[in-house]
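Reading through the structure tokens given below for one structure.
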Amino acid sequence: MPLSALVVSKFSTTTIVRPCASSSTVLCNHRVSSLVQQRSIRSLATLRDCRNAVRCTSVPPPSQMQKRNKMICSHKTFASDLNELFKGNQDYVSNMKRDNPGLLEQLAIEGQKPPFMVVDCSDSRVSEQDIFSAQPGTMFTAGNIANRFDEADLNSNAVLSFAVETLKVKHVVVMGHYGCGGVASSMLLVNMDQVTRPADIAVQKWISPIREIYETSERKEIVEHRERCKENPITELPDLHDPAFRALVEENVKSNVEKVAKSAVIRDHYASVASSNGAKSPEEEAQIEVFIHGWVYDVENGKVSDLGVSVGPPGKRLPPSPFPMVDA
Ligand SMILES: [Zn+2]
């Protein structure tokens with residue numbers, strides 16, 4: 001999610017924020033938009049940021065950063081002009097015919113058999129097929145705010161169940177990304193008593209497990225950030241390069257890898273793999289093995305790194321990762 005999107009709901013006229021402070025601060029959209037614009041984070045201004053800026057009736061003139069990000073802000077035009085979408089689809093059809101003749105027809109006839117399932121963020125900058133230069137039919141995806149997996153969430157559970165048991169994916173990847181708005185907002189304390197709009201409540205409830213990670217993590221960067229907030233209340237979103245912000249992105253991924261691994265679907269699957277030991281050929285066993293991975297995507301340079309928290313069926317060796325490890 002874009003950073004500002006979770007602070008300034010597109011449905012809200014006011015946002016109540018109590019970041020590390022004892023008293024609440026009521027910020028109008030203009031105020032929060034200004035906060036976002038004042039920060040280096042604005043280099044990541046996205047569609048939602050642009051929309052918020054447009055919605056604000058007294059928005060200041062475009063900043064240098066906004067001018068520099070002309071290409072990013074052009075998303076506003078792209079999203080508001082359906083003709084652009086239509087043209088984009090025509091281009092896609094032409095390109096597929098040229099680069100992958102017959103692929104779409106083949107997938108339509110034979111159905112999908114993707115080897116990967118990806119749990120990633122809904123953020124418009126995180127486009128999994130583009131990130132991995134993957135063709136259609138490669139990835140079964142479950143995107144949501146801040147790449148969470150929640151077994152109690154029917155959608156999350158159904159997607160994982162279908163991916164593992166029906167599609168028989170080989171790898172389930174939880175992929176977070178630096179600069180995640182859902183994670184950033186989890187670092188700001190919110191007085192839920194003053195959050196009354198349905199849209200705000202929905203978002204805040206969804207990211208509450210990430211806030212819990214922030215509040216309880218023993219990771220050095222996060223602990224230091226919490227301590228600093230106690231001494232000097234902050235009212236701004238964390239900077240993209242804030243070590244605590246990056247650490248929380250990573251810890252959120254790790255937490256969700258663990259949740260996937262502990263889900264009933266995976267536990268049941270691993271149990272079935274264990275019970276089939278010796279009864280199937282190595283090739284057959286390899287086909288039903290599922291590995292779970294935790295990766296993080298860098299929105300600044302497009303690179304993906306491995307957090308080194310992969311999980312596989314008990315007794316099975318993890319496949320080597322070609323991705324560089326995050327220093328964490
Ligand atoms: Zn995100």
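Just so it is clear, glycine is given a Cβ too, placed from its N, Cα and C backbone atoms.
Automated prediction, rather than curation, is the source of TrEMBL annotations.
Keep in mind that this is a model prediction, so the values were computed, not measured.
As annotated by TrEMBL, Zn(2+) binding site applies to Cys121, Asp123, His177, Cys180. What TrEMBL records for 316-328 is compositional bias 'Pro residues'. Annotation source TrEMBL lists region 'Disordered' at 309-328.
For the region 'Disordered' (309-328), same-chain residues at least 6 beyond its ends with a Cβ under 8 Å from one of its own Cβ atoms are 247, 250, 253-254, 257-258, 260-261, 269-270, 273-274, 277, 289-296, 303. Secondary structure at Cys180 (Zn(2+) binding site), taken from DSSP and collapsed to helix, strand or coil, is coil. The least crowded of the binding-site residues Cys121, Cys180, judged by other CB atoms within 10 A of its own CB, is Cys121. Residue environment of Asp123 (Zn(2+) binding site) contains 26 other Cβ atoms, counted within 10 Å of its Cβ in all protein chains. Over all protein chains present, the Cβ of His177 (Zn(2+) binding site) has 24 other Cβ atoms lying within 10 Å. Reduced to three states, the DSSP call for Asp123 (Zn(2+) binding site) is coil.
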